[in-house]
Amino acid sequence: MAIERTFSMIKPDATRRNLTGAIIAKLEEAGLRVVASKRVWMSRREAEGFYTVHKDRPFFGELVEFMSSGPTVVQVLEGENAIAKNREVMGATNPANADEGTIRKTFALSIGENSVHGSDAPETAAEEIAYWFSGTEIVG
């Protein structure tokens, strides 16, 4: 098993409801370690840049609006197979399809307000981590 890093974000719907600690607890219980974390309020430009991969999708404007509507917590997680483990703990994008006990099944309000984001591959993890953190901000 490989120790790897992944990017994780707690979205505005969850921070508004003061769920940051509960979500981090679920991640830590799964064996993931937070090695960098900061609370940010994304500007529209930051949200557009971060989600540029979706710029041609019909939901892009709504996504940018939502992500810039309140604070988020961006973080770097580390652990064995961290990318897959984080995605497993988050659950399916649509909370209606998420397994019991996952973050999205427990906390998400809808498919749009689904409480968390996580990288889906090593390449996207590296890009997303670099978008929000300098190397000196990650302390393992």
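Quick reminder: no glycine exception, Cβ is built from N, Cα and C everywhere.
Of the residues Arg17, Arg45, Arg104, Swiss-Prot places Arg104 in the same ATP site as Lys11, Phe59, Arg87, Thr93, Asn114. Each of the recorded positions Lys11, His117 was scored by the number of other CB atoms within 10 Å of its CB, and the largest score is that of Lys11.
In sequence order, Gly118, Asp120 are the residues of the chain that are 6 or more apart from Arg87 (ATP binding site) and have a CB within less than 8 Å of its CB.
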